[in-house]
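Student: For reference, the structure I am asking about is given below.
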Amino acid sequence: LPADLTKMHLTDNPHPQVTHVPSSQSGCSIASDSGSSSLSDIYQATESEMGDVDLTGLPEAPVDSEDEEEEEDEDIDRTSDPLLGRDVVRECLEKEPADKTDDDIEQLLEFMHQLPAFANMTMSVRRELCSVMIFEVVEQAGAIILEDGQELDSWYVILNGTVEISYPDGKSESLCMGNSFGITPSLDKQYMNGVVRTKVDDCQFVCIAQQDYWRILNHVEKNTHKVEEEGEIVMVKEHRELDRSGTRKGHIVIKATPERLIMHLIEEHSIVDPTYIEDFLLTYRTFLTSPLEVGNKLLEWFTVDSLRDKVTRVVLLWVNNHFNDFEGDPAMTRFLEEFEKNLEDTKMKGHLRLLNIACAAKAKWRQITLQKPSRDSPLFFSLLGGSDKGFGIFVETVEMGSKAAEAGLKRGDQV
């Protein structure tokens, strides 16, 4: 990140150490050598990265006429300001909660969801918090925000600057942008343990009153639906409305066990979550040890008539979007062959044709060298096709464990 934005304090240490933060707060996950990290840095970093991009060959946009120049100049002034994003957010923050429009809340939501303090909250909880938050600025470094033993009435999130909490036992910790301190979501009387003071000038916070914080975290959760099995929560869904007309609303899965996430592939997906299958296939490696966990389930479900079309759709999307999952894994290649055989046996010719087209389109060219000890040695694979058959030459079979298989030759390869 550029080093010229020293105004946006993150810490007073050029190489900050990430400190341990209790579970009631969020860990500091933002650190940079320039001693700053904010929305404006991201804008500037993006601009500086774009500087070296070769734009030759791109179509040229038509040049505006002189009549529009004055109007355009104004737009350029606005968009070229790297702090514009942060200024818009600050404008929204400085409004009283009652004066915030839906657009203001969406702007705040876009900014706040990047901060660690809001990381584990659902979208509806974040939106409610954005509608009631109040903005506060402490200009001076060393100012005491909360005294030891003082009664707490708010939850605080740091937007800029650093604060230090000095505990009665002599320990201290620093909290930076995105961290939170203050009350827990309860209506009980709570008191500060330690002294909170600012470490740098221009510390900015958002505060949420205890009553609001408790109400939102306890009552807005009604939008979530928890699925339990044998006393364990196996899936959490959140109800979302994507527009005010009420036509695009439904439940979206936000958490689940790996088994339930796999099962959800063949369930009906709501209008608010139409890309669940694509999202799953893109990310499954982060929570599953092997793609066969999904593959074996799909083969099992294929035997159920009512699930066959859904299973086939999942496999076609998988082959089309992530063919490398199959091409680079012999076990997954065998899964694909078994699935292809199932399509043949159930006479699903249209789907079989789509599968073959997807595999042919996505496969990569490879060069394979197979050495034979002598002219008479067997090949360990057989071919099919040619001009007399009216189509290309393909590998029909490859002997398991043979030199041909070791070299990487696979059934279905076109020579």
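The backbone N, Cα and C atoms fix where each Cβ goes, and this holds for glycine too.
Features from TrEMBL:
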COMPBIAS  1-12  compositional bias 'Basic and acidic residues'
REGION    1-82  region 'Disordered'
COMPBIAS  23-40  compositional bias 'Low complexity'
COMPBIAS  63-76  compositional bias 'Acidic residues'
DOMAIN    117-217  domain 'Cyclic nucleotide-binding'
DOMAIN    249-362  domain 'N-terminal Ras-GEF'
DOMAIN    367-415  domain 'PDZ'
Student: Find the average pLDDT over the domain 'PDZ' (367-415) in the predicted model and report it.
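Tutor: Reported value for the domain 'PDZ' (367-415) is a mean pLDDT of 86.
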Student: When the domain 'Cyclic nucleotide-binding' (117-217) is classified with DSSP, how many of its residues are helical, how many are strand and how many are coil?
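Tutor: The counts are 20 helix, 39 strand, 42 coil.
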Student: Just to be sure I understand, if DSSP states are collapsed into helix, strand and coil, how many residues of the domain 'N-terminal Ras-GEF' (249-362) fall in each?
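Tutor: Grouping H, G, I as helix and E, B as strand yields 82 helix, 8 strand, 24 coil.
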